[in-house]
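Chemist: So that we are looking at the same thing, I have put the structure below in structure tokens.
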Amino acid sequence: MVLIRVLANLLILQLSYAQKSSELVIGGDECNINEHRSLVVLFNSSGFLCAGTLVQDEWVLTAANCDSKNFQMQLGVHSKKVLNEDEQTRDPKEEASLCPNRKKDDEVDKDIMLIKLDSRVSNSEHIAPLSLPSSPPSVGSVCRIMGWGTISPTKETYPDVPHCANINILDHAVCRAAYPWQPVSSTTLCAGILQGGKDTCWGDSGGPLICNGEFQGIVSWGAHPCGQPHNPGVYTKVSDYTEWIKSIIAGNTAAACPP
């Protein structure tokens, strides 16, 4: 079964594919407190929704499948139990930007959403934006995944701190073979460990895939159970959307996404 890795109102939506929003990293370890300065928590009155990534001091990038009403964003978070002094909370300033040509009936089509914050974020010890990519990663690249998603491949076991793991960029043919019933778009990245054991999962949706210090992917969807051999994750390819992102930030709200 393919899982869209999203938790909405604390429920897992069981679909023919699975979004990874609100997922944890499988097979990882606790992230270093200073290695996830761009990681953002999206939450509402029901609890945690998704992750996101700070890309400029007033802009957060996440997955479109994380779109929800009345959510807020928290930055600078490491432990759910111990507050960092520099944590900051923001509301969306306006309606989030989605691709205008996104298929409304396909939750993983053009799975990207850009959110403007109601006020700028100040860089600090635990908060800083992540660079957009200058080019896509090559097959074989080692990339970092991170999030508060479940650390169990089959049940919801959520950690108090984000977990991180290293995975590899794989050829698209691997994901197409793994998910023949779900189109794997060329505007996505296929990433994981062929032998399994490391993966994003429930609760990680919207979070970053970081390769060589650049924000290359957004956690979108994958298999359930998570972390199985030959069942890698599918990530929105950020490099294909950089012009759209820059256009929206510049004020062109009618900018088109790639086909």
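Note: Cβ is positioned from N, Cα and C throughout, glycine not excepted.
According to Swiss-Prot, the domain 'Peptidase S1' annotation covers 25-250, on the basis of sequence analysis. Taken from Swiss-Prot, the feature disulfide bond covers C31-C164, C50-C66, C99-C257, C143-C211, C175-C190, C201-C226. Per Swiss-Prot, the feature region 'Disordered' maps to 82-102. Residues or ranges marked as active site, charge relay system by Swiss-Prot on the basis of similarity to another entry: D111, S205.
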Chemist: Take the C-alpha atoms of C226 (disulfide bond) and C175 (disulfide bond) and report the distance between them in angstrom, rounded.
Modeler: 14
Chemist: Given the recorded positions C99, D111, C143, C190, S205, which lie close to C66 (disulfide bond), meaning Cα to Cα within 10 A?
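Modeler: Passing the 10 Å Cα cut: D111, S205.
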Chemist: Note the mean pLDDT of the domain 'Peptidase S1' (25-250), expressed as a whole number.
Modeler: 95
Chemist: Please name which of the recorded positions listed here, C99, S205, C257, is nearest in space to C164 (disulfide bond), Cα against Cα.
Modeler: S205
Chemist: Which one of these disulfide-bonded residues has the most other Cβ atoms within 10 Å of its own Cβ: C99, C175, C190, C226?
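Modeler: Checking each of C99, C175, C190, C226, the winner is C226.
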Chemist: Which whole-number value in Å describes the distance between the Cα atoms of C143 (disulfide bond) and C190 (disulfide bond)?
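Modeler: Given the Cα positions, C143 (disulfide bond) is 11 Å from C190 (disulfide bond).
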Chemist: Quick one: pull the CA-CA distance for C175 (disulfide bond) versus C201 (disulfide bond), whole Å only.
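Modeler: With the alpha carbons as reference points, the distance is 16 Å.
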Chemist: Within 10 Å of C190 (disulfide bond) by C-alpha distance: pick out those among the recorded positions C31, D111, S205, C257, and say none if nothing qualifies.
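Modeler: Correct set: empty; none qualify.
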Chemist: Using C-alpha positions only, work out which of the recorded positions C50, D111, C201, S205, C211 is nearest to C257 (disulfide bond).
Modeler: D111
Chemist: Give me the DSSP three-state residue breakdown of the region 'Disordered' (82-102), ordered helix, strand, coil.
Modeler: 0 helix, 6 strand, 15 coil
Chemist: When DSSP is mapped onto helix/strand/coil, what comes out for C164 (disulfide bond)?
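Modeler: It is in a strand.
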Chemist: Within 10 Å of C50 (disulfide bond) by C-alpha distance: pick out those among the recorded positions C31, D111, C201, C211, and say none if nothing qualifies.
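Modeler: Checking Cα-Cα distances against C50 (disulfide bond), none of the recorded positions falls within 10 Å.
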Chemist: Rounded to a whole angstrom, what is the C-alpha distance between C31 (disulfide bond) and D111 (active site, charge relay system)?
Modeler: 25
Chemist: DSSP three-state call for C66 (disulfide bond): helix, strand or coil?
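Modeler: In the DSSP reduction, C66 (disulfide bond) maps to helix.
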